[in-house]
Each structure stands twice: as C-alpha cells, then as structure tokens.
Amino acid sequence: MDNNILVNEINRLKKEKNACILAHNYQVPEVQDIADIVGDSFTLSRAAAKMDNEVIVFCGVKFMAESAKILSPNKRVLLPSKYAGCPLAECIDKDELIMEKQKYPDAAVVCYINSSTEVKAISDICCTSSNAVKVIESINKNKILFVPDENLASFIAEKVTDKEIIPWEGGHCITHARITIGDVKKAKSDHPKAEMLVHPEVSKVIRDNADFVGSTSQIINYAKNSQNSEFIIGTEMGVLHKMKNDNPKKKFHLLSSKLVCQNMKMTTLKEVHSSLLNTEHEIFVPEEIRLKALNSLEKMLEIR
Ligand code: 13P
C-alpha cells in the first residue's frame with residue numbers, strides 16, 4: 001500500500017474503532033502528520049489521561065505507552081512497534097532501585113518518566129524533562145534520589161541548590177550521549193549567529209554551551225517564539241519536522257548527524273495501520289503494580 005492509501009485507511013479505522021493517535025516529537029514526519037496530538041512526554045501523558053476514545057495508538061516507545069495505560073486503564077493502549085524500547089528506561093530495574101533506596105532511607109525517590117512501571121511503582125513521584133525542576137521543588141525533603149538519567153539529575157542540581165540530588169550513576173540516553181564537544185565547536189563556528197537549544201539529557205559539557213535547555217516541546221516553542229532566525233538543535237532529529245513547518249523562514253542545524261533514536265524510528269505508517277486493524281501489541285499492566293505507579297504519575301500531573 002502506498003502512503004496515501006495507508007493514511008486514508010488509518011483515518012477510516014480510527015473512526016471505526018473510536019481511536020486516537022498520540023505521537024512523540026521524535027516520530028518520523030509521516031507518523032507525526034497522522035497523529036491527533038504530537039508532543040513531549042508530559043503533553044502526551046496528560047492527553048492519555050484525558051482522551052475519551054476507546055483506543056489509544058501510542059506512537060513512541062514502551063514506557064510511554066505503559067504510562068498511558070497506567071493513566072487510562074479502561075482504554076486499549078496499542079504500541080504499533082512492539083520492539084520500540086528505551087535503553088535509558090531499562091538501565092535500572094526494581095531490585096537495583098530497592099538496594100539504592102536502602103542506602104538513602106531518608107531520601108525522597110523521584111523517577112524520570114523514562115523508567116519502567118516497576119520503578120515508577122516504588123518511587124515517590126515521577127517527572128518529565130519539562131517539569132523536573134518544579135517536581136523537585138515541590139518535595140518537602142532535602143535529599144532526593146533521582147533515577148535513572150544522571151544528566152537530568154545534574155541539570156536539576158544546578159537549578160535547585162537547596163536540595164541534595166543523588167543521581168543513578170551511568171544512567172544516560174545513548175542518542176544524546178553521541179554529541180561531542182567537537183560537534184559543538186564545529187556547529188558554533190559554522191553558524192556563529194545561531195542559538196543553541198538542547199535537551200537536558202545531554203551531558204553537562206554540552207549543556208554548558210547552550211542558550212536554552214528544555215524538553216522537546218519546550219525547544220520547539222522556544223524556536224517559534226525567539227526573535228532569532230537560526231538555531232543549532234541538540235536533541236533527536238524528529239523535532240525538526242515541526243520546527244521547520246512552524247518556521248519556514250528560520251534555519252535549523254542538527255548538532256550531530258548521529259542524533260537519531262533507532263527505537264523512535266521503528267514506528268512507520270505500516271505498523272500504525274496494522275496495529276489499528278488487528279488490535280496489535282496491546283499494553284497490559286497488572287492492576288496491583290498499576291495502582292502504585294499511578295500514584296507517582298498522578299502526583300506529577302497535579303503539579304502546576
Ligand atoms: P521529552 O519529554 O522532552 O519529549 O523527552 C522524551 C525523551 O525520551 C527524550 O529522550
């Protein structure tokens with residue numbers, strides 16, 4: 001089937017099955033274009049909790065679809081590509097977190113949304129890259145065990161100076177970790193007037209060279225609202241689709257050509273179609289663990 005036929009079929013099936021499509025900003029352009037909502041992890045979690053469709057097709061990676069199921073247990077949540085995982089979310093498991101918690105019994109435990117349901121279930125509160133600082137500020141303890149992204153932990157520690165942030169050593173996103181200081185020097189010398197916008201998952205040395213640090217949607221909004229007309233982008237290439245559509249006269253330069261997340265690129269129109277047609281790759285979360293993980297997600301959603 002060619003793409004036009006696939007798009008028509010997807011739209012027909014969406015109506016027939018009362019489904020909505022949520023897509024992360026890192027999805028391929030044609031998948032973003034058929035989605036009802038495209039956004040960062042926070043936007044998509046909030047949408048998953050609010051949508052009244054019977055089916056949610058989640059075009060992203062497993063932890064995102066699981067978060068949608070935790071928030072909307074009565075909906076069928078489908079992950080079109082069953083192998084789309086997140087190595088960052090998989091870098092700490094429940095047993096490792098239990099052991100870490102024993103080392104810091106007086107610390108509050110905050111998990112990044114890029115974590116498994118089991119890790120969310122034994123954390124006090126969850127956060128995303130867009131609200132991490134607000135979430136940490138809302139906690140009335142001054143010691144915070146933060147898992148699993150150590151770069152986000154160090155970004156938070158710079159912003160919230162009255163709390164001790166204990167990171168999970170070695171936890172990082174393999175895509176953002178590909179950016180080198182050489183990439184930064186080259187991009188800045190090639191585009192001296194450009195503002196550099198990066199995700200907090202980049203390492204400190206890259207972050208220190210940036211003009212703005214934010215979630216994928218915050219980066220997209222910053223570029224739209226800025227008076228500047230040229231930007232160096234330090235996050236996965238998928239964000240360029242919306243940025244270029246929103247700002248046809250502005251120029252965008254990807255910080256490194258290696259900023260491609262293979263997991264996010266697994267979802268194609270073909271998979272979205274097949275998942276809707278055959279109700280494929282449905283996400284299930286056992287109720288006992290769902291209720292515990294829900295607590296940490298709901299606490300996050302309450303924070304304004
Ligand atoms: P955002 O919440 O900023 O979209 O980030 C999601 C993610 O997985 C980044 O690697």
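Here, residue 1 is simply the first one shown, and the rest follow in order.
Using the three backbone atoms N, Cα and C, a Cβ is placed for every residue, glycine included.
Per TrEMBL, the feature iminosuccinate binding site maps to HIS24, SER41, TYR112, ILE113, ASN114, SER129, HIS199, PRO200, GLU201, THR216. Sequence-distant neighbours of ASN114 (iminosuccinate binding site) (same chain, six or more apart, CB under 8 Å from its CB) are SER41, PHE63, CYS86, LEU88, ALA89, PRO148, ASP149, CYS173, listed in sequence order. Annotation note: ASN114 (iminosuccinate binding site) sits in a coil segment as assigned by DSSP.
Residues or ranges marked as [4Fe-4S] cluster binding site by TrEMBL: CYS86, CYS173, CYS261.
According to DSSP, GLU201 (iminosuccinate binding site) sits in a coil region rather than a helix or strand. Non-local contacts of HIS199 (iminosuccinate binding site) by the CB criterion (under 8 A, 6+ apart in sequence, same chain) comprise SER129, HIS176, VAL213, GLY214, SER215, THR216, ILE219, GLY234, THR235, GLU236. Same-chain residues at least 6 positions away in sequence with a Cβ under 8 Å from that of CYS261 ([4Fe-4S] cluster binding site) are, in sequence order, TYR26, THR175, GLU236, GLY238. ASN114 are the binding-site residues among TYR112, ASN114, CYS261 whose C-beta comes within less than 6 Å of an atom of ligand 1, given in sequence order.
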